[in-house]
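Written below as structure tokens is the structure these notes are about.
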Ligand SMILES: CCCCCCC/C=C/C(=O)SCCNC(=O)CCNC(=O)[C@H](O)C(C)(C)COP(=O)(O)OP(=O)(O)OC[C@H]1O[C@@H](n2cnc3c(N)ncnc32)[C@H](O)[C@@H]1OP(=O)(O)O
Ligand SMILES: Cc1cc2nc3c(=O)[nH]c(=O)nc-3n(C[C@H](O)[C@H](O)[C@H](O)COP(=O)(O)OP(=O)(O)OC[C@H]3O[C@@H](n4cnc5c(N)ncnc54)[C@H](O)[C@@H]3O)c2cc1C
């Protein structure tokens, strides 16, 4: 056993709470843990679909590998295991970095949100079996945030009972939709509806963009990949230009509004329902795309920091693990706390979303404005805190953190996108401000928007802390687990306060002495939590397969893994 493995084993021996109990709490119960582990075992024991090290792959290889694994998953593995695409198991499968995230995670749910029963019956089975592959095409080259500014039009042709979809200029071209560039043959396309010259705003249309046999673009369609990005390499974010493309009248997804054959426009629900897909995604992607990513980065950074020995705390004494340095504990442990605290806050948000969908089924959408405010605010605050944290955790691993071998750069490059998609964060914060604090006149409003953004961040952070604190109070668990969760709650709250003492001093909410006490309390908590650090990340229960990290493997064997990984570099295939 290597020295590093022995160090981790010694650390695990001093954890003072039941790790498995905390894993069960984090998962939402022992049965959930069992289900998640069953899925993980199936995935990692099947060489056709298990996660592989993509650190050395080209962009094209990553895309092709993601598509191949995904097709195998749906065509072979699910039928073999008796799982349907809506089985609970599949929700755990999507953690394994598959392709077609927009098809499965956006296109299908939006079809269910916007489609009539007949339209759902027509397209859903095809989509679930991947006989059609869809994208969600809303953003254009010239507009992403300001939806009323989208330029793609859908003009109703009464004579032929068709819509003519057109991008009037280059900035109207759809740009960014995931799975669009090479994979999708259908688009759930958002366009401005026009009837007899009158504009009715953004509406959802089902548009076939490629031939189902040859996969070639249909007439009037120009489609392709937008090129390399910061991350999301397994996703072919694409561009789509439509030149007078005709679709049947029946392709307007008409749960909320429809156009009669004679061109009469009939609305069936609030025009705000067209925004519902964005509320849903903001409410449910945070856990999988931001919080889970932070948990992976914490697992890697904590395990590595416990085995990385560097320097002497006392001259002449043996080298210590970098986790003994208070600065390293300050870098890592507040983000371990954040993972737990935001995980449970996101759970409350998705529960609130699910409650709203039940109310909506009873035609009650009175809860939409509040849900919009909360989901917009949470999406902005959590995605920013998590992606900022992942970068701090990467830097805490020194040089090896800068290598793809650590696994953290790939984790960060995917998580940070969540600050932009589904509503750029600043815009989301302002949406939350507007709904929480009311909309003043535009000028008063713009002049105070910088402060409003900060007010909303505080508002949402307070929601996160109080949600977790009340959740712990109600939780039935052993005392050691409750104690460590209370420490994490206090650490997250204090780290947020200590990051903003200026605001608290400015408004006189805290005195300088109280600010000192808050700072001292945080340092004391770091020391209290330090002995449990490895247990807190082990409880996330990320397999080595899922982490894909030479620094974060469960056994701590960092150096052997690093060297084996480096030798796989394509540059090492030949000597110069
Ligand atoms: C497994 C999945 C992996 C992830 C893959 C990534 C997938 C990514 C997909 C995408 O990114 S899809 C594109 C996402 N795009 C957006 O989110 C656009 C963001 N922009 C907006 O939300 C809106 O344009 C805006 C910011 C609200 C501004 O719009 P506008 O100026 O037209 O409206 P307002 O005057 O501000 O508001 C009008 C009215 O509507 C209400 N409202 C606005 N948004 C929503 C909403 N989402 N839900 C409910 N209600 C909404 C707003 O409160 C106003 O109401 P009133 O005050 O007039 O009553
Ligand atoms: C990885 C990734 C995947 C994506 N997937 C999809 C997809 O599948 N389908 C899809 O339709 N789209 C997708 N998008 C596009 C995404 O939804 C948009 O990029 C996003 O909505 C932001 O719009 P924008 O890019 O036009 O930014 P802009 O709105 O142009 O923002 C630029 C700057 O302007 C500021 N700003 C804009 N409006 C205001 C305002 N009113 N007040 C104050 N400041 C403002 C913003 O804060 C920002 O700083 C994806 C994007 C990414 C990065």
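Even glycines carry a Cβ here, placed using N, Cα and C.
According to TrEMBL:
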type: DOMAIN; residues: 18-133; note: domain 'Acyl-coenzyme A oxidase N-terminal'
type: BINDING; residues: 139, 178; note: FAD binding site
type: DOMAIN; residues: 275-435; note: domain 'Acyl-CoA oxidase C-alpha1'
type: ACT_SITE; residues: 422; note: active site, proton acceptor
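Distribution of TrEMBL features across the structure.
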| residue | record | contacts (Cβ under 8 Å, 6+ apart) |
| --- | --- | --- |
| 139 | FAD binding site | 174, 175, 176, 177 |
| 178 | FAD binding site | 101, 102, 106, 135, 136, 232, 235, 236, 237 |
| 422 | active site, proton acceptor | 278, 281, 282, 285, 379 |
Whole-number mean of pLDDT values that fall within the domain 'Acyl-CoA oxidase C-alpha1' (275-435): 95
Residue counts (helix, strand, coil, in that order) that DSSP gives for the domain 'Acyl-coenzyme A oxidase N-terminal' (18-133): 82 helix, 0 strand, 34 coil
